[in-house]
Structure formats: C-alpha cells, structure tokens
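Worksheet for the structure shown next.
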Amino acid sequence: MLWRRWAPAAVAAALPGVALRLSSSEAKDYYKILGVGRTATASDIKKAYRKRALETHPDQGGKKEDFAEVAEAYECLSNEEKRRVYDQYGSEAASNMNAANGMGGFGHHTAEDIFAEFFKGRMGGFGGDMRPGPAQVQPIEVKLRLTLEEVYKGVSKRPRVNRPVKCADCRGFGTKSQTKKPNCPHCDGSGHVVHQHRMGPGMVQQTVSQCPRCGGSGTMAKADDKCPKCHGMGYRHLAQDVNIDIPPGVPANVTLVVRGEGGTMPDAEPGDLHVQIEVAPHKTFTRRGDDLLMRKEITLSEALLGVQLSVRMLDGRQVLVKVPHDTVLRPDSVLKVSGEGMPGTSGGRGDLYVITHLKMPHKLTTQQREAIIKVFGKPHEEQHTPNEKTTTARVMRESAQELENAMRDHWDAQESGSVGGGGRGRQRSQQAECVHQ
C-alpha cells in the first residue's frame, strides 16, 4: 500500500495564503498522551503506559476513548521503527504502516489486547483473563464427493490432505539446537520492512512490506543452526490421511468444520479442516431437502386396477408401496410414503414421493377395443355438417411438457415477430409500436 505525506512547510510555500488544517490523526501527540518527553527511553514509555492504562481502563471508571488513545500511543512509541516514522512524519504515517500490513490503526491488537499482553494476565479484576490467545493456523479446505447412499447412511472418509505439521526433528523450533530463533537481523524482529522514496521537494512516498528474509515471522535461524528438515521454519507441509466422519443426512454444498485437523505450526493453535460436501447425482432418486423423489412407470391396467410397487431404498431395503384397488391413478399422480426419505440432521426422516408415469399402449387389438367398449361404452362422436372439413390428426410422440420445452424458443420468436420473413417480421413490430404510441 502506498501513502503520501506532504510537509506543512512545503505546502505553505507552494500555496501561499492557504490555511493549513491538520486532521485529528495528524494532530495527535503520542508523547503528551503518555505524559513523557520526546527523549523518553523505552523504559520510560513502558512505565508511563502502565500508569496511564490503569488510570483510563474502563473497568476503573475510565473512558473507552481515552483508554484506546493511550494504547494507540504506546503501540506506536514502543516500536522503534514506528516511533521513528512518527517522529519524522506524524501519527498518520505511523498508522498507515499498520494499514499497509492490513492491520488497521492498532496493528493486529485491540486496546484490550495491548493491555492484556503488557500485563500478561497479572491484573485481576480487568475483564477476566486478559491474556490474548495464541494465533491459529489458517484453515485448510478440502472437497469430498459422496454418493447419495453414503449421505443416507453416513460414512467415514480418509482423504489425503496437504497440511503444515510441526517439525519432529527440531520440535518446532526451526533450529538444530532446539532453542528459540533470534530476531531477524533484516527487520529487527518486526516482520516488515519500510522503504522510503523522495518524490520531490517536501513529498515522500513510503511502502511497508513483509520482510523477505523471515517471511514476516520476525525471527530467523542462524545459517549454521538451521534445521535441515524444515529449513528453519519449524514446520513442514506433509500429505497425510485424515479421518472424517460424515453424519447421516448431511446437506449438499455444506461445509463441515473438523476442529484441529487443519495443521500444526509453532506458537499457534492447530488449524481447522473445512470439508465441502458435494453429492453426486443418483440414477433413481432426487433429493429435495430431507425428502426423496422418484419416478415410476405404470401400465394402464395398473393405473385403473391398482398397483404394488417395489422400491429399493438407499440402504438396500425393499419397500413395497401399495395402491388400493379402488383408486384410479392419473398421469403424474404422486404417491407419498411417510418416513422413507433422508435422515434429518435434527432427527426424524423426510418422506418418499413416487411420481407415476403412465405408459399407454401404442395400439389396441380388436378384442381389447371391444372389451373397453363393453365396460366404458362407445366413444362420443360429435355431429358435423356436410360442408365441414374432416381431417385426421397425427399423434405426437412428445408429451405436452416436452413439446412446450422443444418449441418454446420458436414460439417466442414468432410472437416477437423476429422469424418467418425477416423484413416482414420487423415491419409488424414497427406497426405495433405506432399503434401503441
């Protein structure tokens, strides 16, 4: 991130007669806030912060704004690099150092975090345990593709995951001596480096970036003491099999969080493993929430006289679905079988819905026609006049829905006048526009 700071004197010289107004962040005097002089030592600053933090802490009746301001002043002046930038360019520049690292105005800590880290939890009565917890390893994401049978019954999977693991050879220290690594000499333990570029009279451009030597950790093992296995990092990336238990009925496209299985690194809590569930399409069933849908083809005889359908469920059971003999099924009738759907994540089960598809015969024999006429009577024939045209219709193979889907684009184009004659269609459209005007 780039930021620019113009010296007030240079601005005044370039723009005579223009009054300068400093922003609130530029006007902050961190030394005055802590009650120390500009030549204060690091020890003086610590003592001053201890006194002012206790005076302004909200648990002791202080104002949150004052407490935050004291923390901001200490966070800046206790860091040698930030203090130097502050002394040269002001509080806005020091704050921008944090922003460049994606930390915001208070670095990676809040005012309470700074207070807690300073006192190391030794101050009773200040909001409980004031020690900030250790950092956590970034979560690792993995995708699992399951069959509907596996989701129905629940399953254990062991995917191979590439994750950071604390080095066993150096026990996470990163050194052959298994001692703490010294501060990085390139960034002096801050984890970042500052580059300044003069762009012209009174104008400075500054960039803050992660230290290329230590990778932002602030520490670096000496060359002769570096662990050869992890190259001084204290951890290695290894491909390992991780056991994941998938509960029955887990929804599709959900992410399961497996605590502590994302990897381990020095001075950090184990990370989590994020498991994204994908469910493959099934040849028989379609899942809708906790319910299952399926289509079943039945004959005309079964639709009229009743039917028994044998359904093989996802757990291998055979379920016999009976339709009473006095029930007539229409095309696309829906049969509901309660409690035979997917297991619910909160208990219970969904339902099974069987959508019947009526298979009609292509032709009837003479005996079949006579039997139908005997039962239902002859079909009704409407009378027509001698001048009326008589034509024979061709029976389409497609259903009404299939025809609708196949012809939708063609019909829409005809209705909009964009097909069937090119210019003529455009002319109709223009005429319609004139009428509506």
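Each position is counted from 1, following the chain as shown.
Backbone N, Cα and C define each Cβ position, glycine as well.
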Region 'Disordered' per TrEMBL sits at which of 165-203, 399-437?
399-437
So what pLDDT does the zinc finger (154-239) average out to?
85
For the compositional bias 'Basic and acidic residues' (399-413), what are the DSSP-based totals of helix, strand and coil residues?
14 helix, 0 strand, 1 coil
